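Report on the structure given below.
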Amino acid sequence: MAGKLRVHELAKKLGVTSKELLATLKEQGEFVKTASSTVEPPVVKKMKQFYGVAQESKPTTPPSPLAQAGSVPDSTQRGPKPGAKPAAKPEAAPKPGTAAAKPSAKPSPAAAAKAAPAAKATPTPAEAAPKPGQAAAKPAAKPGQKPARAAGKPGPKPGPKPGARPQRVANNPFSSTTERPPRPRGGATPGDMPRPGGTRGGAGRGQAPRPGARPAQGQGRGQGTAKPGAARQGGGRRPSPAMMPATPSPGQMPAKSAAGFGGGRGRGGRPGGPGGPGGPGGPGPRGGRGGRRGGTAGAFGRPGGPPRRGRKSKRQKRNEYEAMQAPKVVGGVKLPSGNGEKIRLARGASLADFADKINADAAALVQALFNLGEMVTATQSVSDETLQLLGDEMDYKVEVVSPEDEDRELLESFDLQFGEDEGDDEDLAQRPPVVTVMGHVDHGKTRLLDTIRKENVGSGEAGGITQHIGAYQVSVNMEGVERPVTFLDTPGHEAFTAMRARGAKSTDIAILVVAADDGVMPQTVEAINHAKAAEVPVVVAVNKIDKPTAQPDKIRGQLTEYGLVPEEYGGDTMFVDISAKQGQNIDQLLEAVLLTADASLDLRANPDMDAQGIAIEAHLDRGRGPVATIIVQRGTLRVGDSIVVGDAYGRVRRMIDEHGNDVQEAGPSRPVQVLGLTSVSGAGDNLLVVDEDRTARQIADRRDARRRNALAARSRKRVSLEDLDEVLKETSTLNLILKGDNAGTVEALEDALLKIEVDDEVALNIIDRGVGAVTETNVHLAAASDAVIIGFNVRSEGKATEAANAEGVDIRYYSIIYKAIEEIEAALKGMLKPIYEEKEIGTAEIRQIFKASAVGLIAGCMVETGKVRRNAKVRLVRDGKVISEDATIDSLRREKDDVTEVSHGYECGMVLSYPNIEVGDRIEAYEMVEVPRD
């Protein structure tokens, strides 16, 4: 059984290039990568039908002589060329199918053969068969014809010398494998016409030389621009492979006659005048040089005469082209050259992903990076800098796709879009504004939110539910119309920054709370910068005006420096003086919010499309499972919809409003709690309704894989060969398991901990994170990985505490994020190797030396400064030179008693670990003291 065809083999059979066939296969949806890829038999059959239909559907044109130089055409597929030898005096218009009747169609073999010998008294150039060199002038000529070949160079060489042996035609006259057209009838036969070299000969018959034969060096190329009425000494020009009909069959061939001159094989002179009377290859009207003396080699397809460089095959051309594309040598490894090509890679991509983009070997990329000083594996997520470095070395422009672009491309692959309203303007309806309150911690932001809730919600319903959901709606009576306003109760502005960074347009207006008795604080300036970066209009609430020290005008002047100019000063920012504690001017603040929304924003959305929104908060409820707080931005969310929120997905089983009531649907700007997700989503993740659960699961899985790759690339430290020895040393690692009350808290805590920079000797590794209480599973994981569990606003449940005590797992509970960060930073510093510095404690001078057989030399010393201690390190200095750097005091005595130290002004005897001592030597005692790490 024959093996499968490869792409280049099939391309050769179909007569196309491998590049064209590869492009066609990829358009058909077949999985092929290179020209060496195998092709299944059904695909081979389909490609043969495809190219067969393509060839039959378009008119064929005569191939150029160079294109036919190396192959024998099949007469059943490639008939005689439209440039067959024209008669000197055409008799009439050619038969249908000839090039004269249909310039864009290829003549049949019989018609072309009949048109060649036809002759009449009156020549008709318009009806004559097309001549080479005129093909470019015909309007229906194909672009494949090359008229430059027909027009020869001026001053051609003379034809072959007289006496040349007759040459056999290129095609084997005894071959019966190809079908040949019948001999032309009617008119003067080619044998009756005078030939260029004399009488009709074997090479002068009206049969074409073999198209595949190659003319010898110097064989004539006739100048194919002879005029129709010009005198023709030979009765016509010698045919060329592009102009002559196919060789007739042996039964149709005329008998051979005497050989004539000028019987050059292959492409002899074209239909121009081959020479003067009786002169082989003499000058004719725009005639070309005649062919050289032909040989029998022409009958077998080999050139006669001096050798000529043959035409390169497709394989040779392809090899030369690939050789021109010299590979880049990066670190001693040959890699493909990009030539400035742009490559898009996702954040956290691996070298295997890079290699797949450029059709290279991932192992070669690993070796190249290793030689460049970077140590990574093929499947390891690498940083953006490493990808840029490798791309620059190979001349590729690496573009790391941002998370927003990557998510948009992911949704487009599922034919989904996020962030645009569907339909026309008449489909859009008004929606309530979404307002976020920002400001300094002590400026009354929380009190303002509580005041608004108490005025619009009953005191019995304003408890934990509203605080827990983090968002609520209030109604404002403006000009007799009740208008709802949605408030986000997200503590602090860190979550606001994260949402802006993700591009979520969840906030329409920001209320900036500034205390009238305190002024503009650093967090106030930070909040202003957040609002400006998000291009959100700001309404300033000057709070605490009921205090005696309040200075509202001073606040207005300070905020003017930051671009918030009050309306009374000629600006466009609304300022409202309020007292959140007294409930003063709260209605005016809400009206100012609505006026700003009407003047600055187009608050419209399509309520009839599939819902899209944003998750502002998510947590794990013990009885209800993962719960996400959603604000619908456009469309309507209904119970039963299949949704995907970040890397979490599920079906909406239940929706709860800010009052704890169940709702069946939520329109634009409506905050609700959604139950039914499979996992806890992240704060700021986008919500999208899809058609089915399978699509939601696929989107969530791909987002989760992307997030893990990006996290791995961000947390991985670049290891180079220079610091390999340091890396291989024992490194202290603090493993942590984070548990929090909601996803936003866990995310903020994780980001803050990963930003702690202590030293390269210690590392922080967060092995697990989650929402909810500390479970027994967390304890077992911490015990196996020697980790510390950090619980933020949560406690342990069940037997988790007992398991932690039994296995020695440390669980730390925190309710303030800054305290958790400080303690973990201190723990990391405590894991550092201590740094010691030298501290001098005293000096002594050797006054006398005693010898003892038991201990050796004893130095009698006087303590000059400080004190000396037993076992202390000493430095022995003689004449200003250090004799010993790290000697120790092995024995210390005062009189006859062993002592631990001797103070300044006292004599003592000591035995040193360094025996080479002399009188007058100076002893400097010191100790190594640990220095606290910053």
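Heads up, the Cβ atoms here are built off N, Cα and C, so glycines get one too.
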Worksheet, complete the sentence: Here Swiss-Prot annotates region 'G1', and of 23-30, 439-446, 679-686 the range meant is 439-446
Practice prompt. Tell me which range among 405-408, 489-492, 633-636, 657-660 Swiss-Prot lists as region 'G3'.
Written response: 489-492
Worksheet, complete the sentence: The residue range that Swiss-Prot labels region 'G4', out of 455-458, 543-546, 547-550, 807-810, is 543-546
Worksheet item: Tell me, by DSSP, whether Gly439 (GTP binding site) is helix, strand or coil?
Response: strand
Worksheet item: Once near-sequence residues are set aside, which residues in the chain of Lys445 (GTP binding site), 6 or more away, have Cβ atoms under 8 Å from its Cβ?
Response: Val437, Met438, Gly439, Val513
Practice prompt. Report, as a single number, how many Cβ atoms besides its own are within 10 Å of the Cβ of Ile545 (GTP binding site).
Written response: 20
Practice prompt. According to DSSP, folded down to helix, strand and coil, what is Ile545 (GTP binding site)?
Written response: coil
Worksheet, complete the sentence: The number of other Cβ atoms within 10 Å of the Cβ of Asp442 (GTP binding site), counted over all protein chains shown, is 12
Practice prompt. Measure from the Cβ of Gly439 (GTP binding site) and count the other Cβ atoms within 10 Å, all protein chains considered.
Written response: 24
Item to complete: Could you say whether, by DSSP, Lys445 (GTP binding site) belongs to a helix, a strand or a coil region?
Response: helix
